[in-house]
Amino acid sequence: MAGITYEDFLDLSYEPDASDLVCTFRIAPAEGMSAEAAASRVASESSNGTWAALPTGADFTDMGATAFAIDDADAAGESDVGVAYPAGLFEPGNMAQVLSCIAGNIMGMKAVDSIRLEDCEWPEELVTSFAGPQFGSRVRDEIFGLEADRPILATVPKPKVGLSTKRHAEVGYEAWVGGVDLLKDDENLTDQSFNPYHDRLVESLALRDDAEDETGETKSYLINVTADTNTMLERVDLAAEEGCEYVMVDVITTGWAAVQTVRDRCEDHGIAIHAHRAMHAAFDRLPHHGVSMRVLAQVLRLCGVDQLHTGTAGLGKLANEDTVGINEWMRSDLYGLTDVLPVASGGLHPGLVHDLLDATGTNVCVQAGGGIHGHPDGTRAGAAALRAAVDGYAAGKSLEESAEASPELAVAVEKWGTETPR
Ligand SMILES: O=C(COP(=O)(O)O)[C@H](O)[C@H](O)COP(=O)(O)O
Ligand SMILES: [Mg+2]
C-alpha cells in the first residue's frame, strides 16, 4: 500500500531547513523498542501520523516531522533525539496549537517509558508570528527610570493570603518606603472576600502615591489578575484605569492562550505583564519526563510576558533548573523579539543577594517575601536591608561592607547569615 508509516518519519541523513522548528527530546524507549522505532513514532504522532499505516493520495500536503538525530543511549537508557517540524505544520501566532504538536499526545505514548521536551530552536517565521514582550528589561528605564546598575526589587506580603485589604496595602507601603520598587500579590491572592481585587487595587495605589511622594522614586504594583480570560481582561482594564503600570498573571495555571489574549489587552493600555510560574514544576521538575523550564520560558517569551520567574540559581527554597542558562536565552537575540526580565524569587533574603547577583548579573528583578517581612524589625527594615544589599553590590562592596553601612542589613545578616532556607 502506498502511504505513510512510522519509517517515513525517520531520516538520519536529514539536515533541518532554516524554516523548520527543531525540538530536542530526551527519550527512554519502551522495553523492546529501539531508539529509532521510538523516535519515529514521536515524530509521527507529534505531526501528522498515527499508529496505523495511512493512505495519502491526492489533495494532501505532507506535514510530517523528521527524527533526524539520535544520540547514543546513556547509562539510564535515554537518548537525545532531534526532531524537525516543517513550518507549514504550525498556525502562525497560535501557541496552543504549537504545543498540541510538540508537547501533545507524545507525552503519553506507550512507545516511550519517558519523554522530556528539553529545548527548541524557533525559526524566524514562527517567532515573528507572535507578539513577544512589549517592554522586557526596558521596564527598568520606561517604568522606573532606573539609572543605577542594580536589580529592581519586589516583595510579596506574607502570609500569602488572609491579610485584609487595608493591612495588605499598608505592608506594601512599608516595603515601598523601605526601598523596594514593586509590591507583588502572591500567586493565590486574586479576588477573595477578605481582600477584594478592586478595593486592593485602589487602596494600594493610593499608598503607592504616598510612597512615591515620600521617597522621590517611582513605585509600582504587580496586582494579580489571574482568573478566567474574560475576567482577566476586565481586571487588566481596571488596573490600567486606576493608573497601574503592571498586572501579574499566573501564566501556567491560566494557560498560553489566555496569556496571549491578556498581552494584547495590555498593549492597548501600555502596561506590562509580570509572569508568575506557579505549577511549572508539574511540567519540568522530573528530569526524565515533561517539558523543561527552558522551553516554558521560550513559550512565554513568544506569548509576550515582560518579567518571568526563572529561579534563584540554586540559592532559594525551591528546586531550580538552570536559572543562568534560561536567563541567557531570554536575553538572546531572537529575530528582534524583545527580551524578558528574569525574576529571582523563592526563599531569598538579603544575605543571599551577593551570591545571587554574582550568578545572574544585575539585569534582573529580585523578589523576597519572607526575607523582608520576617526581618526582626519588620517590613520597612526588611526592605531597607534588601535595598542596602543590592545598592552595596552595585557599588562594588562586599556583603560585610554593605552591612557595616546599614543597621537593617546587619540585623538581617545576623539573623539569616548567608544560608539557603529549606
Ligand atoms: O511567594 C513566593 C516567594 O516567597 P518567599 O520570598 O517568601 O520565598 C513565590 O511564589 C515564589 O518565588 C515562586 O517560586 P519561583 O519564583 O521559583 O517560581
Ligand atoms: Mg508566591
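Using the three backbone atoms N, Cα and C, a Cβ is placed for every residue, glycine included.
Feature annotations, courtesy of TrEMBL:
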type	residues	note
DOMAIN	148-416	domain 'Ribulose bisphosphate carboxylase large subunit C-terminal'
ACT_SITE	Lys158	active site, proton acceptor
BINDING	Lys160, Arg277, His309, Ser345, Gly346, Gly347, Gln367, Ala368, Gly369, Gly370	substrate binding site
MOD_RES	Lys184	N6-carboxylysine
ACT_SITE	His276	active site, proton acceptor
SITE	Lys317	site 'Transition state stabilizer'
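The structure, with features from TrEMBL marked on it.
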{"residue": "Lys158", "record": "active site, proton acceptor", "Cβ within 10 Å": "18"}
{"residue": "Lys160", "record": "substrate binding site", "Cβ within 10 Å": "13"}
{"residue": "Lys184", "record": "N6-carboxylysine", "Cβ within 10 Å": "28"}
{"residue": "His276", "record": "active site, proton acceptor", "Cβ within 10 Å": "29"}
{"residue": "His309", "record": "substrate binding site", "Cβ within 10 Å": "25"}
{"residue": "Lys317", "record": "site 'Transition state stabilizer'", "Cβ within 10 Å": "14"}
{"residue": "Gly346", "record": "substrate binding site", "Cβ within 10 Å": "20"}
{"residue": "Gln367", "record": "substrate binding site", "Cβ within 10 Å": "29"}
{"residue": "Gly369", "record": "substrate binding site", "Cβ within 10 Å": "22"}
Lys158 (active site, proton acceptor) and His309 (substrate binding site), Cα-Cα, nearest whole angstrom: 18
C-alpha spacing of the residue listed as 'N6-carboxylysine' relative to Lys160 (substrate binding site), in angstrom: 11
Euclidean distance between Cα atoms of Gly369 (substrate binding site) and Lys158 (active site, proton acceptor), Å: 6
Inter-residue C-alpha distance, Gly369 (substrate binding site) and Lys184 (N6-carboxylysine) (nearest angstrom): 9
DSSP-derived structure type at the residue listed as 'N6-carboxylysine', helix or strand or else coil: strand
Recorded positions near Gln367 (substrate binding site), in sequence order, restricted to Lys184, His276, Lys317 and a 10 Å Cα cut-off: Lys184
Site extent for substrate, whole Å (max Cα pair distance, Lys160, Arg277, His309, Ser345, Gly346, Gly347, Gln367, Ala368, Gly369, Gly370): 18
Alpha-carbon spacing, Lys317 (site 'Transition state stabilizer') to Gly346 (substrate binding site), which is rounded to whole Å: 6
The residue listed as 'N6-carboxylysine' and His276 (active site, proton acceptor), Cα-Cα, nearest whole angstrom: 10
Alpha-carbon spacing, Lys184 (N6-carboxylysine) to Gly346 (substrate binding site), which is rounded to whole Å: 13
